[in-house]
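So that you can see what the record holds, here are the features copied from TrEMBL:
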- B:113: active site, glycyl thioester intermediate (ACT_SITE)
- B:29-182: domain 'UBC core' (DOMAIN)
Ligand SMILES: [Zn+2]
Ligand SMILES: [Zn+2]
Ligand SMILES: [Zn+2]
């Protein structure tokens with residue numbers, strides 16, 4: 001469990017008691033999960049990937065258009081709105097964040 | 001800009017009423033991006049730069065003025081027109097230099113050689129939708145200092161003169177500044 005010790009060392013300087021170390025690790029795990037699911041922002045349109053992309057928001061005539069606007073993950077693990085990425089790959093078939101050649105790992109919500 | 005923000009607000013409040021179908025009344029993706037980006041650009045503007053909008057409703061028509069305070073072009077004032085196309089941010093803005101100058105990376109006609117304005121680039125230096133208007137402004141401003149590049153010239157004669165005789169190059173740059181770039 002070397003990771004556990006490292007992360008608590010980095011997190012704060014005041015020598016933590018064992019109980020404290022445990023709580024900190026739990027807090028970290030929750031933060032990671034919520035980042036992945038809720039807080040990822042599409043680097044193309046700068047809207048959170050869980051919301052409809054800027055284009056769908058601009059074009060939808062009623063509501064948010066959320067149903068059709070899905071998330072796509074590349075092999076590089078970067079995620080974008082499928083709408084945004086499908087437009088960009090027509091210009092340049094690379095991930096705009098890491099410049100790797102773009103290939104889809106999975107799609108969904 | 002204020003008007004556009006108001007337009008955006010109006011559009012969102014209208015959404016519970018009848019939907020707006022008229023395309024001309026719709027605020028495009030480009031304009032939505034620009035409302036945020038222009039604000040960000042104005043907050044991070046280098047001291048040597050000044051931006052102006054001929055029409056505050058057209059954030060896509062930006063006039064940039066660069067007054068370098070160091071380097072060969074110091075003392076000159078150079079105007080650029082930045083046109084953010086409807087394809088933004090899939091495509092880079094189109095930029096022209098409106099002031100005639102003697103520069104290896106800017107032609108006398110005002111065409112600009114700046115890697116981040118290139119649409120199709122195989123390296124990481126070209127356009128990407130992760131870039132913002134403030135990056136374009138920063139790039140243009142840096143053409144007079146850090147990004148000045150004699151290896152990939154657009155004005156070949158300028159580069160040749162620089163390599164042959166730096167003092168003559170300086171003199172020619174100065175002559176152009178005196179003639180064309182004094183405000
Ligand atoms: Zn997006
Ligand atoms: Zn979408
Ligand atoms: Zn990537």
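For all residues, glycine too, the Cβ spot is worked out from N, Cα and C.
In the predicted model, the domain 'UBC core' (B:29-182) has a mean pLDDT of 94. Neighbour list (residue B:113 (active site, glycyl thioester intermediate), Cβ cut-off 8 Å, at least 6 residues apart, same chain): B:105, B:106, B:149, B:152, B:153, B:154.
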